[in-house]
Amino acid sequence: MGSDLNVKRSPIEYGKLARTLSNITDLRTISSYHFSNLRNEVQEGNVTEVPPNERTSNSSSPTVSNRCLTDVSGVVQAVAQQKIWALKMIDAAGKPPANLLGGGFKWLGDYDECLHIQRSTAIENKEWTFGPEYCMLSVLNLQAVTNILPQYTTLSIGMCLPDSCSEQDTQNLIDSILRNYTNNTFIVNKAECQEPDKTFDTRAIIVLVTISLFVFVMVVGTVYDVTMIQLPKWEKTTRQSELHAETAFVESEKTPLIHHDVTDSYSKYKPGMFGELLLPFSVYTNGAKMLNTNQPEGSLTAINGIRFISMTWVILGHAYGFILSDVDNVGSFLPKMIKRATFPAISNALVSVDTFFVLSGTLLVYIVMKELKKNGGKLNWGMFYFHRFWSYPMIGYALLLAFLCGTWIATGIMATKWNVPMSSFDGGDMTHYYEIYFRPYFRMGPYLVGMFTGYLLYKTDLKLKMNRFLNLFGWLIATVSACAVLYGVYDDVNGSRESRDVSSFYITVHRTVWGAAVGWVIFACAHGYGGYVNTVLSWKGFIPLSRLTYCAYLVHPPVIYYYLSTRRRLIHLSDIEIIYEFLGHLGLSYAAAFLASLAFEAPMMGLEKVIFKSKEHKK
């Protein structure tokens with residue numbers, strides 16, 4: 001981007017561009033036309049042709065409502081009379097920034113100033129009652145500005161207009177002026193006007209009612225749990241403590257002063273069916289379960305750390321990716337970041353998702369095989385055949401290898417045919433990049449590796465003895481492979497584009513190789529060969545955070561988008577800014593995940609146990 005925008009090559013063109021863009025955002029530009037001529041131009045002018053899928057208007061002749069034109073005329077007259085409210089409408093409009101060529105293509109203006117303008121005024125003894133309206137215009141340049149802006153660069157400009165102008169009115173009005181003023185160099189491609197006082201529609205009401213219902217049930221369930229279940233337990237615990245204290249003072253007697261029948265009088269309360277349906281919504285019990293750091297023997301403790309760190313990595317990648325359209329220096333900051341040797345950890349952060357595929361495949365096979373062994377293979381027919389499948393290792397290995405070869409072949413063929421680039425940052429043809437990314441038959445490699453890892457963990461029963469040199473060799477291979485996957489795109493992103501064959505090979509195998517490296521970490525740590533890596537990943541503090549990972553994955557995009565959509569100013573990217581953005585997104589995402597898990601995930605799991613338990617009793 002930075003190479004396409006070079007003011008030093010053409011300072012005169014840049015000066016003209018800045019002056020032009022500054023003028024078109026000013027409502028006073030309208031006064032340079034005779035208003036009756038403007039009205040004719042808007043109603044009779046033809047729309048300039050734009051690239052396919054770029055234009056949002058279906059009309060071949062733009063029209064503007066008389067009420068909108070009249071109110072805009074009132075603004076023009078008020079500007080000529082130096083009315084403060086009219087000058088504020090001009091002041092609230094977006095202006096070209098100082099760093100236009102550094103990527104400042106979004107000019108927000110002042111949203112709050114626009115909406116706080118007085119809603120009525122008198123001009124020439126006539127009362128004008130329109131209010132202000134904030135609209136965001138998408139402006140497209142149809143012709144490249146020599147050495148300044150590439151063709152079809154989109155500018156986003158905030159405007160403050162009368163609220164009598166609809167989105168279509170706004171688009172047609174400003175487009176007509178812009179086309180005439182810039183000789184068809186720039187056009188308005190789209191207009192979006194804010195409605196801060198918009199009433200809730202049916203969908204919003206349904207969501208609010210549903211959330212309110214869940215909150216109500218949570219309150220009732222918590223009160224029921226505390227008063228009927230927890231309070232008697234607390235009283236019993238207190239009485240037992242008093243009993244032990246009294247007994248300690250009696251040195252000559254071997255029996256307590258108070259008979260054991262006292263503790264027996266605090267019998268456990270048995271909730272009925274209604275109570276069992278309420279208890280899964282108890283915030284007290286669900287919170288205690290989520291914050292509990294105890295794990296049963298034989299658990300793969302390192303998975304907790306891997307899961308949380310991978311989720312942190314996902315949020316870090318999105319902290320960069322989601323904000324690029326709301327940044328005023330993306331054209332100068334991003335090229336500099338891409339040249340950093342460490343930046344592939346961000347630009348290639350998509351492999352963090354493949355870590356979750358490895359974890360899913362590992363846990364699926366490991367847990368199911370343990371359950372089948374525990375129950376003698378008596379689960380259901382699906383699990384029965386699953387058990388038979390793994391009872392013959394050579395058949396299982398052959399099928400896994402067949403699926404792996406199948407996904408490699410499919411990915412390699414299509415990546416070569418579509419000429420898919422190695423990275424989304426290398427400037428290649430991105431048309432089919434995300435087809436490779438989203439389609440499951442292109443992505444199953446890490447999941448298959450996870451299934452194989454889970455089977456090895458089950459067969460070794462976490463008791464494998466490994467030679468020290470073999471362990472070190474395994475860690476060396478895993479580390480080199482992971483670094484090759486992560487940082488292998490550096491040259492490709494920085495101008496030294498790889499050939500189609502090399503790119504296709506990388507796209508075909510890199511996710512599976514990454515999955516194998518993660519699988520080794522799980523395998524080595526589970527058998528006690530992880531050293532300090534296992535110590536860190538198995539830290540008990542990761543256990544509650546690991547439980548919240550799925551909810552955090554679901555809620556963190558709305559958290560980030562809400563933050564961005566409510567900002568009144570653009571972000572100026574820097575290292576310290578990204579650190580604060582990331583830590584804020586991480587903390588708020590996990591806080592929202594905790595609330596979401598208390599309200600939805602944990603209650604649904606509790607209800608599932610109650611329902612299936614009641615079915616078993618009926619049998």
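The backbone N, Cα and C atoms fix where each Cβ goes, and this holds for glycine too.
Features of the protein shown, as given by TrEMBL:
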type	residues	note
REGION	42-65	region 'Disordered'
COMPBIAS	54-65	compositional bias 'Polar residues'
DOMAIN	65-195	domain 'Nose resistant-to-fluoxetine protein N-terminal'
TRANSMEM	204-226	transmembrane segment
TRANSMEM	305-325	transmembrane segment
TRANSMEM	345-368	transmembrane segment
TRANSMEM	389-416	transmembrane segment
TRANSMEM	436-457	transmembrane segment
TRANSMEM	469-490	transmembrane segment
TRANSMEM	513-533	transmembrane segment
TRANSMEM	545-564	transmembrane segment
TRANSMEM	579-600	transmembrane segment
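Only sequence-distant pairs (6 or more apart) were considered; of these, at least three Cβ pairs between the transmembrane segment (545-564) and the transmembrane segment (305-325) are under 8 A, so the stretches are in contact. Contact between the transmembrane segment (436-457) and the transmembrane segment (469-490) is absent: fewer than three CB pairs lie under 8 Å, with pairs separated by 6 or more positions in sequence.
Broken down by DSSP into helix, strand and coil, the domain 'Nose resistant-to-fluoxetine protein N-terminal' (65-195) contains 46 helix, 37 strand, 48 coil. Between the transmembrane segment (345-368) and the listed ranges 305-325, 513-533, 579-600, the one holding the most Cβ pairs under 8 Å is 305-325. When Cβ-Cβ distances below 8 Å are used as the criterion, the transmembrane segment (513-533) is approached by residues 300-303, 306, 351, 354-355, 357-359, 362, 445-447, 449-450, 452-453, 456-457, 460, 462-464, 466, 471, 474-475, 477-479, 481-482, 484-486 of the same chain, each at least six residues removed from its ends. Residues 275, 278-285, 598-600, 603 of the same chain, all 6+ positions outside the transmembrane segment (204-226), place their C-beta atoms under 8 angstroms from a C-beta of that stretch. Note on the domain 'Nose resistant-to-fluoxetine protein N-terminal' (65-195): its mean pLDDT in the predicted model is 82.
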